Amino acid sequence: MTTPALLPLSGRRIPPLNLGTSSFPHHRATLRLSEKFILLLILSAFITLCFGAFFFLPDSSKHKRFDLGLEDVLIPHVDTSKGGKNLGGYLIHGQGHDEHRHREEEERLRNKIRADHEKALEEAKEKLKKSRDEIRAEIQTEKNKVAQEMKKKDSKPLPPVPVPNLIGINSEDPTDKDIREKRDKIKEMMKHAWENYRQYGWGHNELKPIARKGHSTNIFGNSQMGATIVDALDTLYIMGLHDEFREGQDWIDKNLDFSVNSEVSVFEVNIRFIGGLLAAYYLSGQEVFKLKAVQLAGKLLPAFNTPTGIPWAMVNLKSGVGRNWGWASAGSSILAEFGTLHMEFVHLSYLTGDPVYYNKVMHIRKLLQKMDRPNGLYPNYLNPRTGRWGQHHTSVGGLGDSFYEYLLKAWLMSDKMDTEARKMYDDAIEAIERHLIRKSNGGLTYIGEWKNGHLERKMGHLTCFAGGMFALGADGSRDDKAGHYLQLGAEIAHTCHESYDRTTLKLGPEAFKFDGGLEAVAVRQNEKYYILRPEVIETYWYMWRFTHDPKYRQWGWEAAQAIDKYCRVSGGFSGVKDVYSSSPAYDDVQQSFFLAETLKYLYLLFSNDDLLPLDNWVFNTEAHPLPVLHLANTTLSGNPAYR
Ligand code: DMJ
């Protein structure tokens with residue numbers, strides 16, 4: 001579908017003196033401030049010329065005056081050494097010069113003014129003859145020049161740091177033909193998603209694959225920040241789609257601008273943009289990604305200006321004003337949001353040498369450590385003004401999930417030096433096992449939600465990531481319970497696979513129950529959708545890496561086939577509204593995390609283990625790989641683990 005801004009404009013003339021009220025109603029909005037500005041410039045040039053003509057072109061009275069030999073004359077000159085006064089390039093000489101010379105000079109001056117006048121008139125006429133497109137192109141060129149200048153200013157190189165061990169950015173193709181073909185199929189799906197986004201949604205945050213146009217949600221504010229481009233970069237890179245990667249890099253270089261009056265989610269921008277940019281930087285070594293990540297992080301910092309230092313959920317990138325979601329309990333910030341900044345912020349301090357980012361996340365950690373936890377559980381809500389918990393709801397799914405994930409990953413990312421984070425993780429997981437993890441009558445292990453002292457026997461699709469987390473945290477677990485946590489990971493993977501297998505489409509619902517005889521199925525209509533989420537496949541991948549049990553590849557392949565069959569449309573991939581219906585409606589959104597996570601985890605599932613090995617890389621919650629930092633020699637003030 002063609003948007004008004006894309007209507008063919010060539011050959012059209014701008015109606016003179018009709019500023020902002022174009023006779024082309026569909027173009028009215030396109031006569032923007034900058035165009036008006038150019039036209040105003042032209043007008044003012046005219047006025048200046050008229051003014052000049054009025055004052056400088058000789059009239060009869062001036063002749064009379066000169067002929068009388070009175071007063072001064074204007075002689076073009078720049079040299080003031082002879083005692084004259086320089087007025088904008090013209091010298092004023094006193095009386096007593098030869099009259100003939102004066103006449104010649106006057107004639108010369110008159111001719112010059114006339115010539116200048118005519119030239120300016122010609123230029124102005126030429127400008128007005130230009131089509132809208134030409135004027136727009138000129139404006140764009142000017143804008144680009146200004147942007148380039150600003151970029152030069154912002155592009156001060158950051159201080160060099162020891163490069164972490166970047167192992168396994170490339171890997172051989174799998175030797176097994178079947179696995180290779182499956183991996184190629186996933187790559188083809190990525191190309192389909194990317195190419196359609198590029199064609200119909202380029203620069204927008206996401207794509208509407210049915211309507212074939214851009215899409216956005218309030219988490220990205222009202223700006224076109226190219227969320228899909230940033231989120232997809234590292235997936236493109238590891239898949240070897242280097243032309244596509246370069247297209248993305250080029251867009252980011254020229255267009256990604258954070259000085260926008262837009263209120264964004266601090267959490268989402270951190271995990272998708274900062275995480276995506278940092279991963280792209282580490283994989284490709286291209287400085288632009290690091291610079292953009294640092295610029296953006298600077299824009300998020302005002303969100304931390306709260307009485308407690310717990311950040312607001314949202315911040316306006318321009319004004320720095322922050323606030324929380326209206327729906328959150330008692331004006332609270334959300335555990336999974338303010339608790340999912342650590343990885344990216346430590347990397348930012350590492351790369352810039354500026355401890356500001358590190359101090360912000362360590363402050364949050366210290367504050368949480370000091371607080372009482374009901375039953376040892378962390379509630380999902382914390383008020384940033386009072387520093388008190390909101391409702392006592394605890395979840396390993398939405399609102400809580402990645403907080404636990406980041407405790408574990410902070411430890412892994414520090415080369416297992418950050419033992420404080422590991423302890424917090426172990427404590428939290430023990431409480432979760434005690435209060436939230438149960439076995440259903442049918443023998444399925446599930447993780448419920450804690451609500452004011454009661455366990456709700458419902459598990460979210462989001463919660464399914466925890467299978468992978470338990471497996472990842474098995475090594476190094478307290479009391480050497482590695483086997484136990486690997487087993488727990490396997491049980492969660494199995495339950496989540498059941499939630500897929502018990503649907504018509506073989507795709508998992510958003511939430512499923514273990515209640516009233518129900519086992520791993522959704523009950524409410526608004527829990528039956530699948531929006532291309534990655535968590536189940538993420539767990540399959542971690543389980544595959546730690547066990548090499550072929551069933552995980554099998555389950556991943558089932559999911560990939562189901563996505564390709566039921567979510568693929570000619571304009572990309574769409575979520576579906578009911579996984580229990582054989583002809584479900586589409587939600588018409590290609591989520592950016594589909595490219596960042598779902599397809600990346602599938603690709604890794606059918607790749608060799610030496611591609612991004614888990615001893616060297618830690619994936620952020622949006623599947624952006626960040627290298628393990630060997631910080632022993634790097635001073636980051638505040639935490640003994642990093643000294
Ligand atoms: C992703 O943006 C991240 O994985 C986040 O942690 C929660 N879920 C979405 C995808 O489902």
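Each Cβ is built from the backbone N, Cα and C atoms, and glycine gets one as well.
Since the structure is predicted, the reported quantities are computational estimates derived from the model, not experimental observations.
Per TrEMBL, the feature transmembrane segment maps to 37-57.
Summarising the annotation, TrEMBL assigns active site, proton donor to Glu268 (among others). Proximity of Glu268 (active site, proton donor) to non-local residues of its own chain (separation of 6 or more, Cβ distance below 8 Å) is seen for Ile219, Phe220, given in sequence order.
TrEMBL lists Asp401 (among others) with the feature active site. According to DSSP, Asp401 (active site) is assigned to a helical segment. Around Asp401 (active site), a 10 Å sphere centred on its CB holds 25 further CB atoms from the protein chains shown.
A 10 Å cutoff on Cβ-Cβ distances gives Cys464 (disulfide bond) a total of 30 other Cβ atoms nearby, all chains included. What TrEMBL records for Cys464-Cys496 is disulfide bond.
Glu510 (active site, proton donor) falls outside any helix or strand according to DSSP and counts as coil. Look at TrEMBL and you will find Glu510 (among others) tagged as active site, proton donor.
Here TrEMBL flags Glu535 (among others) as active site. A sphere of 10 angstroms centred on the C-beta of Glu535 (active site) encloses 24 other C-beta atoms.
Residues or ranges marked as Ca(2+) binding site in TrEMBL: Thr621. Secondary structure from DSSP puts Thr621 (Ca(2+) binding site) in coil. Other C-beta atoms found within 10 angstroms of the C-beta of Thr621 (Ca(2+) binding site) number 24, with every protein chain shown included.
Taking Cys464, Glu510, Thr621 as the candidate recorded positions, the subset whose CB lies under 6 angstroms from any atom of ligand 1 consists of Thr621. Take the Cα of Cys464 (disulfide bond) and measure to each of the recorded positions Asp401, Glu510, Glu535, Thr621: the nearest one is Glu535. Residues near Cys496 (disulfide bond) in space but far in sequence (CB under 8 A, at least 6 apart, same chain), listed by position: His461, Cys464, Gly467, Gly508, Glu535, Val536, Thr539. Cα of Thr621 (Ca(2+) binding site) to Cα of Asp401 (active site): a distance of 9 Å. Rounded to the nearest whole angstrom, the C-alpha distance between Glu510 (active site, proton donor) and Asp401 (active site) is 15.
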